[in-house]
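Undergrad: According to TrEMBL, the record shows the following:
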- 40-57: transmembrane segment (TRANSMEM)
- 69-91: transmembrane segment (TRANSMEM)
- 103-123: transmembrane segment (TRANSMEM)
- 129-150: transmembrane segment (TRANSMEM)
- 162-192: transmembrane segment (TRANSMEM)
Amino acid sequence: DFMTWIWYRGSVFAKAEQSWERWWYEEQDHLRTTGLWGKFLEIILDLRFFFFQYGIVYQLGIAAGSTSIAVYLLSWIFVFVAFGIFVVIAYARDRYASKDHIYYRLVQFLVIKLGLIVMIALLEFTEFKFMDIFTSLLAFVPTGWGLVLIAQVFRPCLQRTILWAAVVSVARLYDILFGVIVMTPVAVLSWFPGFQSMQTRILFNEAFNRGLRIFQIVTGKKSKSDKF
């Protein structure tokens, strides 16, 4: 149900509970009536996500212990390269995935091969470590979300360009990841016999309580009538 909601584009009359895209646009409705200063403050508030990147990039092995501002500026190259790769793959999927499937696989193969070449070059000529891959996720995942939020502020300008489709795709990818993180533990726990009854009890707690009160009222009246 969650994945159906995520990928269902629907029509103009689709509701937020039916389509993720409709819900996502409704979440931005407040920006339509927000003035210039309000949008400026919104951008300033979204900059908080970039502090994670600033603090973590200096902990990477490829930084070699340097505290120069150039390390932070160079880290943005990774952000733009990752976004560019995502745009290329999304374009190839929309263009070739349905008809010329071999071209779509070729694009994926070239991207993976290029990534391996870059990684081998970094391991050979820099202080790059494999642990940097996982550490960088802590830095660049919040950065990407901050860029999506800033792009929402500039929606009137970006919506006429190709970049807006990429912004929507990135936002959908983030919500898929967040949904999987939240729902996976619930799904795993629901497979255990003991947790199934507990989950049902939690979901229908109010109904159980109401039924208990009704049962007490009914049994109370019966006991009184029996006395008479």
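Counting begins at 1 with the first residue displayed.
Note that Cβ sites are derived from N, Cα and C of the backbone, with glycine treated the same way.
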Undergrad: Six or more residues beyond either end and a Cβ under 8 Å away: which residues meet both conditions relative to the transmembrane segment (162-192)?
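TA: Same-chain contacts beyond the ends: 2-3, 6, 20-21, 24, 83, 86-87, 90, 144-145, 148, 151-152, 155, 199.
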Undergrad: For the transmembrane segment (129-150), name the stretch out of 40-57, 69-91, 103-123 with the most CB-CB pairs under 8 Å.
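TA: Against the transmembrane segment (129-150), the leading stretch is 40-57.
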Undergrad: Counting only residues 6+ away from its ends, which parts of the chain sit with a Cβ under 8 Å from the transmembrane segment (69-91)?
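TA: Long-range Cβ neighbours of the transmembrane segment (69-91): 53-54, 57-58, 63, 107-108, 111, 136, 139-140, 143-144, 147, 162, 165-166, 169-170.
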